[in-house]
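Take a look at the structure below.
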Amino acid sequence: MDVMTITRSVLLLLLVASVLHGHPDVAKATAVTGGRLTDGGDSHEAKCSSSARDRVVYHYTRSLHGFAARLTEEEKNNLAALPGVLSIHERVVYRPQTTRSWDFLGLPLHEHPSLPFEQDVIIGVIDTGITPGSESFSDDGLAPPPAKWKGRCSKRINCNNKIIGAWAYDGGYPDGPASPIDDVGHGTHVASTAAGRAVGSASLYGVANGTARGAVPGTRLAIYKVCWYNSGCASDDILAAFDDAIADGVDVITAPISLETVSEYADDVLAIGAFHAVRRGVLTSVPAGNCGPKLGTVSNVAPWMITAAGTTTDRRIVSRLVLGNGKRILAHSINTFPDIGKQSLLVAPGSCNETLEGAMYKGDILLCPPQQEIVPYVVIRSGAAGIILVDTSEDKDKSFTFPLPVVLVWPAQFQDILRYYNESRYPVATILNSETVYNAEAPSVAGFSSRGPNLIAPGVLKPDISAPGVEILAAWSPLSAPSTSYEDVRVVPYNIISGTSMACPHVTGAAAYVKSVHPQWSPAAIISSLVTTATPLQSNVHEAEFAYGAGQANPTRAVDPGLVYNASEADYVNLLCAQGYNTTQLATMTGTSTTCSWPTGYMADLNYPSIAVPVINYGVDFAVEIPRKVTNVGPVNSVYRAKISSAQGITVSVEPDKLAFTAERQELSFTVSVMGSLQTPAADGGSLGASASIIWSDGKHQVRSPIYVFPKQFRSYVEPAECRCRPGKCDGQLDY
């Protein structure tokens, strides 16, 4: 709290002169002077006290128009009453949510830049910063940055021809105490997953050994640090990063952060920033969130962003506990300590928290009671060789890293261990080093990955697509331990973590791969190419498309999709109109004076590559018609025919069912009809909705649009506190 009785920090978004022209609420002409919106010569900031002017944090002038300031309630109200002030948002905090993964997606390794425009593609990373000294960010063989680059490099970091720009945002300090160097690890991991150079023999102490790389190693990285270990990612910093990234000339933005719950687009600065990005031809890739498997937890739902769910790969990391009776227990923790592998006495101290203070268990393995918070420093000070923990969560898909040898077991396994302990006169056990095993069930959606439906626009399917997000090895910061414990003093160049924040840069890298081949494609065309070429997943979860969208990303197919579903700013505005946005709300999103030409419409009318059909309820007849149009990006004379896949009780048809193209970039329209009665799921668990699809095929290309029919009654029952996480906690590391 400031000594000037500042009561809160608010984010202000204001209209610019071109928007105010002719606006009925504006009595005078306005102009932007020095980055400040003025009205007849008096700045809006001047309507606050002089001390308030001193408390302006950011001016958004490069791609957006507005400012952020620390204001009292009275000052906020004074500004809200002024003409031209679109909206006032209080600061909110967002949270951050591979050797094998790119091979698993079928993307071959290119050791040297080989794609037509690979070195011209710039990925903007909005995260916790970067580790410039990592091998993953070497600029060997790279030419100077492309001429379109207009960004800057902080004096606190060494940029090169790979990391071509880096800046830190922390409440408006002009490159003061804030540094873009990563002290968390999350941003480094994300950047190297998306665009890291190929580094051989990368591993975490020998676990998951292989070549770590990004999708397109020759792409450039521009770093925008907005996330901080103790305070998360502030909305005013995020918007400042978008303002810069768009103007700097980035092509794709990866923002692996999200709110804890879904918000209206006009209240979500990530959606607002991404909207302004798409207006400039910049695609934003975001994570679904780490609050699964509950329904309605996907928080990044704007259709002008591509939202990634997290899936497994065919490699799992496991640890083994060997009991004195020879029984081997398969656990899901990551153990990399050099001194494990010795037989140790099993001890049940009754607790592994503060009550253990002062006790000595040198060389023993502790059995920690279920449902009890562990205090690592107490366990470490006791001299214990390791601990056995019980995992009672619903998440069965990821392993955790700890500051000492740990075996993380399920309740039934713990009962087996406890039975052996009670029946043995001298119970002993051995914790073995972690190893990788083949996962035949991959890809499957991770339990932590947030699910649909889209609670803001149910007619838009979210998440869009899935990508590897479980146990991903990538570059790490030497300023952050591989676990989040303060007692962990290890320094590693590569780390293994999980989360939809790891899936997000895989989709970002895939988008950059497409962009490097088709630099003129719009964000919507790139989203379409990824969605329609995705590999469908088996419906092994009852949420089906709510869990994985169109399926697993397939970058090599995405560069030649045949057809794309394109969309413009006007299409997105029409969607907002369909949701009932008024003129003021539209201006908040677009920064322009936009009005709806018609009052309402159907949200599914947006020319989206997937189709979501919300219906009243199970057993109720319905019929909808959904217009779509596709653009030919394949051979000039192509003829596509529709193949329909329907579900029980659902009929899908297309009119016309044949599209004959005679020109490049030609656009043709069709209408999808979906009707029937949604069947009640089986009592033993089945899909909550009905899955169908349309595939347009010319014999070579398979342009698939998933269709998911579901009842409107779905609600989100997740409490915000259940999804609260600081950087790292929801990404495969436990929060101590």
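Just so you know, glycine gets a Cβ as well, placed from its N, Cα and C.
What you are looking at is a predicted structure, and each value in this text was computed from that prediction instead of being measured.
Annotated features, as they stand in TrEMBL:
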SIGNAL    1-22  signal peptide
DOMAIN    47-94  domain 'Inhibitor I9'
ACT_SITE  D127  active site, charge relay system
ACT_SITE  H186  active site, charge relay system
ACT_SITE  S501  active site, charge relay system
DOMAIN    605-709  domain 'Subtilisin-like protease fibronectin type-III'
Query - Whole-number Å value for how far S501 (active site, charge relay system) lies from D127 (active site, charge relay system) (Cα to Cα) - result: 10
Query raised in the report: How does the domain 'Subtilisin-like protease fibronectin type-III' (605-709) divide up by DSSP, counting helix, then strand, then coil residues?
Result: 1 helix, 62 strand, 42 coil
Query raised in the report: What is the interatomic distance between the Cα atoms of S501 (active site, charge relay system) and H186 (active site, charge relay system), given in whole Å?
Result: 9
Requested in this report: Quick one: give me the count of other CB atoms within 10 A of the CB of S501 (active site, charge relay system).
Outcome: 35
Query raised in the report: When you measure from the Cβ of H186 (active site, charge relay system), how many other Cβ atoms are you left with inside 10 Å?
Result: 29
Report summary line: Counting across all protein chains, other CB atoms within 10 angstroms of the CB of D127 (active site, charge relay system) number 30
